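*Asks:* Not my notes, these are from TrEMBL:
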{"type": "DOMAIN", "residues": "14-105", "note": "domain 'Ribonuclease PIN'"}
{"type": "REGION", "residues": "112-144", "note": "region 'Disordered'"}
{"type": "COMPBIAS", "residues": "131-144", "note": "compositional bias 'Basic and acidic residues'"}
{"type": "REGION", "residues": "162-218", "note": "region 'Disordered'"}
{"type": "COMPBIAS", "residues": "182-215", "note": "compositional bias 'Low complexity'"}
{"type": "DOMAIN", "residues": "296-367", "note": "domain 'Nin one binding (NOB1) Zn-ribbon-like'"}
{"type": "BINDING", "residues": "C306, C309, C321, C324", "note": "Zn(2+) binding site"}
{"type": "COMPBIAS", "residues": "397-412", "note": "compositional bias 'Basic and acidic residues'"}
{"type": "REGION", "residues": "397-446", "note": "region 'Disordered'"}
Amino acid sequence: MSSDAAAHKPIHSLVLDTGPLIKNDPPANTLRAKAEQLYTLPCIISEIRDAATRARVETTLLPFITLRSPNPESVKVIRDFARRTGDLAVLSKPDIDVLALGYELECERNGGDWRLRKTPGQKGLNGKPNKPAEGETKTEAEAEKVEETLEKAVDNLTIENPVEQPTVGESSQSTEAKDTVAETVTEPEPKVTESGTEVTEETATNATAETAQAGEKADETIEAVEEASDGDASDDEGGWITPSNLKKHQAADTGATPSAPVQKTLQAAVLTSDYAMQNVALRMNLNLVAPSLARITHLKNWVLRCHGCFKITKEMNKQFCPSCGQPTLNRVSCSTDEHGNFKIHLKKNFQWNNRGNVYSVPKPVHGSANGRLPKNAGGKNGWGNNLILAEDQKEFTRAGEEQRRQRKKDIMDQDYLPDLLTGHRAGGGQKIRVGAGRNVNSKKKH
């Protein structure tokens, strides 16, 4: 019993992504202690570019990892499912392959995809579990026998109540009471005493009932004291964040503490820090674990939602809606639960700000398409020359390239000056200004 319990691991097959390997979270010792077999892709190892990180992974973890590539059928299943959830655009080929390998191991370990979902939002799972094998039935029968023996042992336990030493008067009264009880039990027939009173069977039953009630009260007092002590301990532990329960609070924040355990042993699980992969795995009902190796049952993140056509995109660097092409994307929070339900949490009574939507646009001038504008182009003081109204404009592409060029700064350059000294400010969240801005009539700096 003790050796089996020590050798038991909560995860059988664990598929690793690049993030946990690079961050070393969880460490290699924890992975080997919690999982029977570790899997990853050959391309995942090649993605590690840092020499120190690659040396650490190759020495401490790679000898215990099985390199395996998924089948094309599994890749097709994951690709079709991710297309329906809207995450396919932000998933790379290694990401899809990691999920496909997790799907493949899930089908191998559980005998099919009966505990998965074929489409997002599907009510219930694909099927029912298969009949267990003979070895599993034997182990279950042995476990039931062990539980029965433990229950019998607990039932046979008796708690002796502490008895106070009685005084002289109390001892005499107790001895008299014991004598009367013994007489009534041994002689059930009515017996007449000198005073003319009768001792019947009712007195015997009343006496035994009183003794039973006294024992029950003593047991209740002991249980009440134990519950009070347990409650005090839980109050002391649950109120504060200490180094001992820090991991527990972090797991609760990430949604890795389920209300009820789904499986005693996870046959196949995926460990990743990418949100798009987590969303696909959770909506498909693949076992998803956090860096603490606790099963994740709830996800919280952000998406972009178009206020005009209500389409949702997972590409957070977008400024124009991929569906209608308007600059009406809002950053909203979303969540995914253990049943695969995807919810968007909108602000109550939200009103779109229409400031700056009405302004005059200068007439197009002949010969300005090449970017070299003539002198008479635009409005007063050249206003409206570089208005950005759509995503496919040359001005928008040129502004994006200029922004990326400015971000690449050589700190070792002799002429480099920090933004604190140059006065450069990057406002608006590093986004390119679309249209005329919030206040069209504001005074421009020339």
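The backbone N, Cα and C atoms fix where each Cβ goes, glycine too.
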*Asks:* Please state whether DSSP places C306 (Zn(2+) binding site) in a helix, a strand or coil.
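*Replies:* The residue in question, C306 (Zn(2+) binding site), is strand (DSSP, three-state).
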*Asks:* Taking only same-chain residues 6+ apart in sequence, whose CB is under 8 Å from that of C309 (Zn(2+) binding site), what do you get?
*Replies:* C321, S323, C324, Q326
*Asks:* Helix, strand or coil: which one is C324 (Zn(2+) binding site) in, per DSSP?
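*Replies:* SS state of C324 (Zn(2+) binding site) = coil.
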*Asks:* Do any residues at least six apart in sequence from C306 (Zn(2+) binding site), in the same chain, have a Cβ closer than 8 Å to its Cβ, and if so which, in order?
*Replies:* I312, T313, C321, S323, C324, Q326, T328, L329, N330
*Asks:* Mind checking how the domain 'Ribonuclease PIN' (14-105) divides into helix, strand and coil residues in DSSP?
*Replies:* 61 helix, 12 strand, 19 coil
*Asks:* These are the binding-site residues: C321, C324. Which one scores highest on other Cβ atoms within 10 Å?
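*Replies:* In terms of Cβ crowding, the pick is C321.
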